[in-house]
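These notes are about the structure you will find just below.
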Amino acid sequence: MGDGSSSRSNSSNSTSEKPEWLQQYNLVGKIGEGTYGLVFLARTKTPPKRPIAIKKFKQSKDGDGVSPTAIREIMLLREISHENVVKLVNVHINFADMSLYLAFDYAEYDLYEIIRHHRDKVGHSLNTYTVKSLLWQLLNGLNYLHSNWIIHRDLKPSNILVMGDAEEHGIVKIADFGLARIYQAPLKPLSDNGVVVTIWYRAPELLLGSKHYTSAVDMWAVGCIFAELLTLKPLFQGAEAKSSQNPFQLDQLDKIFKILGHPTMDKWPTLVNLPHWQNDVQHIQAHKYDSVGLHNVVHLNQKSPAYDLLSKMLEYDPLKRITASQALEHEYFRMDPLPGRNAFVASQPMEKNVNYPTRPVDTNTDFEGTTSINPPQAVAAGNVAGNMAGAHGMGSRSMPRPMVAHNMQRMQQSQGMMAYNFPAQAGLNPSVPLQQQRGMAQPHQQQQLRRKDPGMGMSGYAPPNKSRRL
C-alpha cells in the first residue's frame with residue numbers, strides 16, 4: 001500500500017468505497033500506536049466538526065475476531081458517564097475484517113507530556129493551583145468509578161488526559177479502560193487476570209502477590225502520580241523483570257522500601273499472608289533499609305496538608321490507605337489556592353499560561369494505519385483542538401462542583417454498538433439485561449451506590465454477597 005497516499009487519494013475520489021461509518025469523519029492522521037492497536041485524530045464532517053480520537057484495536061491473538069480486551073472496555077464505557085472520565089462517542093465495526101474502532105472525544109494533552117514539558121522545556125514545576133486542580137479532578141473521576149464498583153488498574157500519567165478545547169479546557173479525563181474490572185465479590189481472584197498496573201505505579205500488595213485486592217491499588221497509583229506532579233519525575237523508578245509473569249518485582253520493591261522504609265507487621269498486619277513475603281525467596285524480610293524519607297524526596301514539610309495527603313495515599317496497608325472519597329474531603333483541597341474546573345488558568349493575576357505543545361500527528365496515513373514515510377508533524381493548535389496559551393483569563397476559572405459522585409446516569413446504547421453482539425462475545429448472556437448480570441443499580445437506586453469493600457478503610461465490613469460480573 002506504499003505510504004498510504006495513493007490509497008487515501010483513491011478513496012477520496014469515491015466515498016462509496018469507504019464503509020458508511022467512515023464517511024462521517026475527515027481523517028487528520030495517526031497520533032498514537034501501542035500493543036492494543038492505533039489511535040487516529042479525525043473530525044466529524046457535520047458541524048461543529050469536533051475533533052474525535054478513534055482507537056483501532058488489533059485483532060485478537062487467536063485471529064478469531066474482536067479482542068476480549070476491547071469488548072470489556074466497551075462494556076464498561078457504555079455504562080458510565082462522568083465529566084472526569086473519557087467519553088465513548090461511538091463504536092464502529094469494519095465487517096470486512098472484523099476490525100473494531102472506538103470513537104472518543106479528543107483530548108489534546110496528557111499528564112505524561114505535561115510533566116515532561118515542565119521538566120525538559122519549561123525548567124520549573126507546575127504551580128500549586130494546577131497540581132491541585134489536576135489531582136482533585138482525577139480523584140473526582142476515580143471516586144465515581146469506585147462508587148460504581150470499577151477498579152481502573154492501570155492509572156499512570158499517560159492515561160490521564162486533559163482537554164484542550166474551549167468548552168472543556170483544562171478538564172481531566174481518565175482514559176484507557178482495557179484493564180479495568182468490576183470488583184465487588186468477584187467470581188475468582190483478580191490475580192487470575194495476570195499482572196496489572198505499570199510497574200512504577202504498582203501497589204506493594206500486587207508486587208507481593210496478593211490474590212485478592214481492592215480499589216486501594218488505584219489510590220497507590222494516584223499517590224505516585226501526585227508525587228510526580230510535584231517533582232516532575234517518577235517516584236519509584238524500578239527496573240522491571242519482563243521475562244517473568246511472576247508479580248514479584250524485587251527492584252521495584254527495593255525502590256519503594258528505600259523511600260518509605262521497610263514494612264512491618266505492626267503497620268501492615270496482613271503482610272504475613274502475602275505469598276512473596278511469606279515465602280521470602282529473595283530474603284526481603286531480613287533486609288534492612290535506611291529510609292531517605294518521603295518528605296525529602298518530594299520536598300514537602302511533614303506537617304503540611306500536601307504531605308499528609310500524599311503519605312495517606314502511599315500507606316502500605318491497603319485497608320488503611322485513603323480512599324478517593326476521603327481524599328476529596330482532605331484539608332489540602334480546602335486551602336488556597338482552591339482547585340478549579342479549568343486546571344490551566346493562571347493562578348496569579350500576572351502569571352503567564354504555559355504553552356504546551358500539541359500532539360504530533362502523522363498525516364501520511366489512513367485508517368488502516370499504513371506506515372508513513374515522513375516524520376509526524378505537530379498540527380497547528382487552531383487546526384486541532386486549541387492552544388493552552390489562548391485567552392483564558394482569570395474570569396474563566398471556576399470552583400469545583402460539590403464533592404459527590406456526579407452524572408450517575410449511564411450512556412445510551414448507540415446504533416454503532418447495536419451492530420455487534422458484544423454481550424455474547426464477552427461471555428455474557430445476551431438475553432439477560434446487562435444491568436441484571438452486573439448487579440448494576442436501577443435508576444431509583446443509583447444514588448445508593450457506595451464502595452463497601454475493605455479498600456474503603458471500613459475495616460471489618462463484610463463485602464455484600466451480590467455478584468458483580470463482567
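Note: Cβ is positioned from N, Cα and C throughout, glycine not excepted.
The annotation ATP binding site is assigned in Swiss-Prot to Ile31, Gly32, Glu33, Gly34, Thr35, Tyr36, Gly37, Leu38, Val39, Lys55. For Tyr36, the entry in Swiss-Prot reads phosphotyrosine, with the evidence type similarity to another entry. Taken from Swiss-Prot, the feature active site, proton acceptor covers Asp154, and the record attributes it to sequence analysis. Here Swiss-Prot flags 432-448 as compositional bias 'Polar residues'.
On the structure: features taken from Swiss-Prot.
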| residue | record | DSSP class |
| --- | --- | --- |
| Ile31 | ATP binding site | strand |
| Tyr36 | phosphotyrosine | coil |
| Asp154 | active site, proton acceptor | coil |
What number of additional C-beta atoms lies within 10 angstroms of the C-beta atom of Ile31 (ATP binding site)?
22
Quick one: pull the CA-CA distance for Tyr36 (phosphotyrosine) versus Asp154 (active site, proton acceptor), whole Å only.
14
Taking the Cβ of Gly37 (ATP binding site) as the centre, how many other Cβ atoms fall within a 10 Å radius?
20
Expressed to the nearest Å, what is the distance separating Ile31 (ATP binding site) and Asp154 (active site, proton acceptor) at their Cα atoms?
21
Please name which of the binding-site residues listed here, Glu33, Thr35, Gly37, Val39, is nearest in space to Asp154 (active site, proton acceptor), Cα against Cα.
Thr35
Packing count at Thr35 (ATP binding site) (other Cβ atoms within 10 Å of its Cβ):
7
Return the residues near Val39 (ATP binding site) by Cβ distance under 8 Å, restricted to its own chain and a separation of at least 6 in sequence.
Lys30, Ile31, Gly32, Glu33, Ala53, Ile54, Lys55, Lys56
Residue, out of the recorded positions Glu33, Asp154, whose Cβ gathers the largest set of other Cβ atoms within 10 Å
Asp154
